[in-house]
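Quick notes on the structure that follows.
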Ligand SMILES: NC(=O)C1=CN([C@@H]2O[C@H](COP(=O)(O)OP(=O)(O)OC[C@H]3O[C@@H](n4cnc5c(N)ncnc54)[C@H](O)[C@@H]3O)[C@@H](O)[C@H]2O)C=CC1
Ligand SMILES: O=C(O)[C@@H]1CCC=N1
């Protein structure tokens, strides 16, 4: 039995708990501050009332609070960090470098970063992992295997994680914004809300599965859809020659800037 402990019971922790809950050999325990005790209990896992109690039980502790709460959490863990230094720490915080995490939590501890997204709840997540020299190959492999349970995962040099966080961590919100626009346009053109929603979601899901299950690149798939007629190309050209990439680039830059401002340093 592997025990995974969570510090914080917000959106990201809940999504990970749900994803790993399908594995019987994983026991999960969470520290939920008062306001989230009820939510955490409803997840059906063990809830404890201090971060130290999570640490005492866990083989791996997931830091899932906001970066600004790191120092408070580190203080609450002061004693247990010394008593049980073999615990593996995985930070899902968007900010906070491995160097900074070591400075706050302890130089000799094993710490990894995992930049993930809420789709891990359905095991369709994407997680970018980063390690430093203190994490040996077998521990890296074990952590990667755990995140593989929650979707796809890759290892990155740490400096790439800010891009991964903006594209994958924040990505579900960006894709949802695209679906929302798709729906809105359908409604403006006379479809009902339901019709517009089904078309938007089925087209998004179908296209995603098509590109996942075939070797087609995005351009090749677009060309297939375009090849059958003349009208699709008019809209596709409008999108690709228009501002779509610029808008997305602006969204990603704004996200990366905000993450840097909220860093723990
Ligand atoms: N929500 C998302 O899609 C993603 C979030 N993240 C990262 O995950 C972390 C958590 O984000 P969310 O779950 O969205 O935030 P959230 O606000 O939903 O949850 C934060 C949790 O931390 C708890 N908390 C507050 N003060 C605490 C303290 N002193 N000690 C322990 N816990 C404390 C809160 O009560 C709450 O349970 C953030 O650092 C964020 O950067 C990363 C990728 C995606
Ligand atoms: O919004 C946030 O701060 C976090 C970081 C990545 C996704 N969500």
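Heads up, the Cβ atoms here are built off N, Cα and C, so glycines get one too.
According to TrEMBL, the domain 'Pyrroline-5-carboxylate reductase catalytic N-terminal' annotation covers 3-95.
According to TrEMBL, the NADP(+) binding site annotation covers 7, 8, 9, 10, 11, 12, 64, 65, 66, 67. Taking the Cβ of residue 11 (NADP(+) binding site) as centre and 10 Å as the limit, one finds 11 other Cβ atoms among all the protein chains shown. In this structure, residue 11 (NADP(+) binding site) is part of a helix by DSSP.
Under the heading domain 'Pyrroline-5-carboxylate reductase dimerisation', TrEMBL lists 158-260.
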(request) Would you give the longest CA-CA distance, in whole angstrom, between residues of 7, 8, 9, 10, 11, 12, 64, 65, 66, 67, the set recorded as binding NADP(+)? (result) 14
(message) With helix taken as DSSP H, G or I, strand as E or B and everything else coil, how many residues of the domain 'Pyrroline-5-carboxylate reductase dimerisation' (158-260) land in each class?
(response) 89 helix, 0 strand, 14 coil
(message) Restricting to the chain of residue 7 (NADP(+) binding site) and a gap of 6 or more, list residues whose Cβ falls under 8 Å of its Cβ, or answer none.
(response) 30, 31, 51, 54, 61, 62, 63, 64, 65, 73
